[in-house]
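Step one of this worksheet: look at the structure below.
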Amino acid sequence: MGIQGGSVLFGLLLVLAVFCHSGHSLQCYNCPNPTTDCKTAINCSSGFDTCLIARAGLQVYNQCWKFANCNYNDISTLLKESELRYFCCKKDLCNFNEQLESGGTSLSEKTVVLLVTPLLAAAWCLHP
């Protein structure tokens with residue numbers, strides 16, 4: 001590669017470095033104590049890839065969470081609540097009260113699509 005090719009490659013790498021940033025951290029509403037109207041937003045720490053909102057009676061928990069732990073057993077154990085509703089999501093500031101009020105579930109829409117698509121594909125392939 002000549003000098004001109006090296007300059008073009010360097011320019012492309014520079015443009016990619018400027019416009020592509022890695023390490024975007026998810027923003028979630030996070031209140032250390034249960035509250036009914038959490039408005040405190042934080043950038044989640046590394047390893048926390050999901051926002052959680054959980055309601056146990058009148059207590060509402062908003063925080064960063066690990067998607068791998070987004071299930072009833074882990075949430076109820078870590079929050080020390082035996083009866084709760086919860087919603088996990090992976091978009092910035094998606095863990096607000098209306099998610100639970102509108103019938104939020106434990107799985108995001110994308111997760112359901114990712115789970116159902118292979119099953120439909122398998123059924124299609126097996127269909128005579």
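Numbers here mean position along the shown chain, with the first residue as 1.
Using the three backbone atoms N, Cα and C, a Cβ is placed for every residue, glycine included.
Cβ environment of Cys28 (disulfide bond): Ala41, Ile42, Cys44, Phe48, Cys51, Leu52, Asn62, Gln63, Cys64, Trp65, Asp92, Leu93, Cys94, Asn95 lie under 8 Å away, each six or more residues apart in the same chain. According to Swiss-Prot, the feature disulfide bond maps to Cys28-Cys51 (among others), an assignment based on similarity to another entry.
The C-beta environment of Cys38 (disulfide bond), restricted to residues of the same chain at least 6 apart in sequence and closer than 8 Å, consists of Tyr29, Asn30, Cys31, Val60, Asn62, Phe96. Under the heading disulfide bond, Swiss-Prot lists Cys31-Cys38 (among others), citing similarity to another entry as support.
Residues annotated as disulfide bond in Swiss-Prot: Cys44-Cys64 (among others).
Over all protein chains present, the Cβ of Cys70 (disulfide bond) has 22 other Cβ atoms lying within 10 Å. Annotation comment: Swiss-Prot describes Cys70-Cys88 (among others) as disulfide bond, evidence class similarity to another entry.
The number of other Cβ atoms within 10 Å of the Cβ belonging to Cys94 (disulfide bond), over all protein chains shown, comes to 20. The annotation disulfide bond is assigned in Swiss-Prot to Cys89-Cys94 (among others) on the grounds of similarity to another entry.
Residues or ranges marked as domain 'UPAR/Ly6' in Swiss-Prot: 26-108.
Annotation comment: Swiss-Prot describes Asn43 as N-linked glycosylation site, evidence class sequence analysis. Counting only same-chain residues six or more apart in sequence, the Cβ atoms lying under 8 angstroms from the Cβ of Asn43 (N-linked glycosylation site) belong to Ser25, Leu26, Gln27.
Residues or ranges marked as GPI-anchor amidated serine in Swiss-Prot: Ser102.
Residues or ranges marked as signal peptide by Swiss-Prot: 1-25.
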Most Cβ neighbours inside 10 Å, all chains, among the disulfide-bonded residues Cys44, Cys51: Cys51
